[in-house]
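Colleague: Can you keep this structure in mind? I'll have questions shortly.
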Amino acid sequence: MAVIVVVGAQWGDEGKGKATDILGGKVDYVVKPNGGNNAGHTVVVGGEKYELKLLPAGVLSENATPVLGNGVVVNLQALFEEIDGLEARGANASRLKISANAHVVAPYHQVLDRVQERFLGKRAIGTTGRGIGPTYADKVSRVGIRMQDIFDESILRQKVESALAVKNQILVKMYNRKAIDPNEIVDYFLSYADRLEPMVIEAELELNKALAEGKSVLMEGGQATMLDVDHGTYPFVTSSNPTAGGACVGSGIGPTKITSSLGIIKAYTTRVGAGPFPTELFDKWGEFLQTTGGEVGVNTGRKRRCGWYDSVVARYASRVNGFTDLFVTKLDVLTGIGEIPICVAYDVDGKRFDEMPVNQSDFHHATPIYETMPAWDEDITGCTSFDELPAKARDYIHRLEELSDCRVSYIGVGPKRTQTIEIHDVMAS
Ligand code: GDP
Ligand code: IMO
Ligand code: MG
């Protein structure tokens, strides 16, 4: 039995999809515990590139059963578009299971996400516009719609009517929008019921039974630590808990069952959307990372903001997730750049912070204190073992280990499945 939690250590897009794809072949289940179709996980298999938004990347692993856990918010239209798109390319999504307790994104959640962002103006979060925040808000306010409600028309109708009673007031009176007809929403959900029914299961029960039989589970978190609604750069965060603890809540797998907490971290840093980002670069190096790293958001097509590795963020992520291992991705992008700056601490108005400042204003004003390491010039995209890496690349990784309070167990040297160096096998830990 192994339960591996894959967690983004920065602001997302670290390469969680690739990590899942590599480990997915070794597990029985790949569970997505949080988020919805705001994610964008890229997997490159045999020259074919797949971009998963709602489904876990594990759907591409031939033997693993992909599961959307109770902590996920599911947009049904996006779900079936993604399944059909994958199947049209020869992938098999028929094993997909969904927790009966997962919440669904209603069309009015997407409307609210967009009008709220517009209303915030300069203070907008830069959300993906997928209705994620409003859906989680309804869950916590106890007016959400769950998967199981779709199979009971009378309950569904009551819930939609009561959710819209308040929302229509807000839409009409505050945002000057048209009221939404509850019948249209009920019909929208019911139109998916037949196709959905065979997929919906008691996920918590099935997963725990599987673990009792010695099977293995990988949990593929969406988003990342710094986007966590509790631990991230609030309010510039998503509305779920993409951290390791959130994976337990979002799947019904207890914390004592977790065998590895694997932090996925880029060899530099990126962020999409608004919010503080101390190591962000506005010079030619920012442009270099953006273009050489191909840093364009999968979900919204926005250019990602780019900066150097931030070990304050890495230490913080190691701490709040209890990382046992790190997977450093995109090391190849740093080849040949001369010197690599690493942020080791922050300066905030003359005061040094070695750890994440608790006060948001301090974090907004933090400027990085860098140390530099020499970069290597050799092409590393074909390296298959740690020893094959140039000495300077090995030194960089060793320094990241020291500064990030965690051992590095995997290194990405290119986007392909095969371009991965394994140092420690998390399945064996
Ligand atoms: P996720 O959201 O964490 O799954 O990450 P994304 O898929 O949004 O972004 C990561 C991008 O980096 C994708 O385009 C991957 O194909 C790519 N990628 C992952 N690992 C590596 C690597 O080691 N080297 C390079 N060059 N690209 C990588
Ligand atoms: P993956 O799983 C990067 C960001 C958005 C915005 C904030 C809130 O691919 O790493 P939301 O729509 O969730 O309410 O937006 O969170 N965001 C992501 N950034 N990668 C993601 O997912 C993200 N999911 C949400 O850009 O700043
Ligand atoms: Mg992504």
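Cβ coordinates are placed from backbone N, Cα and C, and glycine is handled just like the others.
Below are the features I grabbed from TrEMBL:
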- 12-18, 40-42, R304, 330-332, 412-414: GTP binding site (BINDING)
- D13, G40: Mg(2+) binding site (BINDING)
- D13, E14, G15, K16, N38, A39, G40, H41, T128, R142, Q223, T238, R302: IMP binding site (BINDING)
- D13: active site, proton acceptor (ACT_SITE)
- H41: active site, proton donor (ACT_SITE)
- K139: active site (ACT_SITE)
- V298, N299, T300, G301, R302, K303, R304: substrate binding site (BINDING)
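Tell me about the surroundings of these features in the structure.
Modeller: Same-chain residues at least 6 positions away in sequence with a Cβ under 8 Å from that of V413 (GTP binding site) are, in sequence order, L331, D332, I380, T381, G382, C383, Q419, T420, I421.
Spatially close to G40 (Mg(2+) binding site) yet at least six residues away along the chain are D13, E51, L52, K53, G297, V298, N299, judged by Cβ distances under 8 angstroms.
Around the Cβ of G15 (GTP binding site), 25 further Cβ atoms fall within 10 Å across all displayed protein chains. The DSSP secondary structure for G15 (GTP binding site) is coil.
With a 10 A radius on its CB, D13 (Mg(2+) binding site) counts 27 other CB atoms from all the protein chains.
Cβ neighbours of H41 (active site, proton donor) (same chain, under 8 Å, six or more residues apart in sequence): K16, G17, T20, E51, L52, K53, P56, A57, E220, G222, V298.
Taking the Cβ of K139 (active site) as reference, residues of its chain lying under 8 Å away and at least six apart in sequence are, in sequence order, V73, H103. Taken residue by residue with DSSP, K139 (active site) is part of a helix.
V298 (substrate binding site) carries neither a helix nor a strand DSSP state and counts as coil.
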Colleague: Taking the Cβ of each of the binding-site residues and counting other Cβ atoms inside 10 Å, which one has the highest number: V298, L331?
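Modeller: Sorting the candidates by Cβ neighbours within 10 Å, the top entry is L331.
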Colleague: Mind checking which of K18, R304 has the fewest other CB atoms within 10 A of its CB? They're the binding-site residues.
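Modeller: Counting other Cβ atoms within 10 Å of each of the binding-site residues K18, R304 gives the minimum at R304.
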Colleague: Same chain, not part of V298, N299, T300, G301, R302, K303, R304: whose C-beta falls within 8 angstroms of the C-beta centre of the substrate site? Give them in sequence order.
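Modeller: For the substrate site the neighbour list reads G40, V272, V296, G297.
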Colleague: Considering only the binding-site residues G40, T300, R302, L331, which possess a Cβ situated under 6 angstroms from at least one atom of ligand 3?
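Modeller: Among G40, T300, R302, L331, near ligand 3: G40.
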Colleague: Where the criterion is a Cβ under 6 Å from an atom of ligand 1, which of the recorded positions D13, G15, G40, K139 meet it?
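Modeller: So the answer is D13, G15, G40.
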Colleague: When you measure from each Cβ to the nearest atom of ligand 2, which of the binding-site residues G12, D13, T128, Q223, T300, L331 fall under 6 angstroms?
Modeller: G12, D13, T128, Q223
Colleague: List nothing but the one residue from T42, T128, Q223, T300 whose Cβ has the fewest other Cβ atoms within 10 Å; the candidates are the binding-site residues.
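Modeller: Candidates: the binding-site residues T42, T128, Q223, T300. Fewest Cβ atoms within 10 Å: T300.
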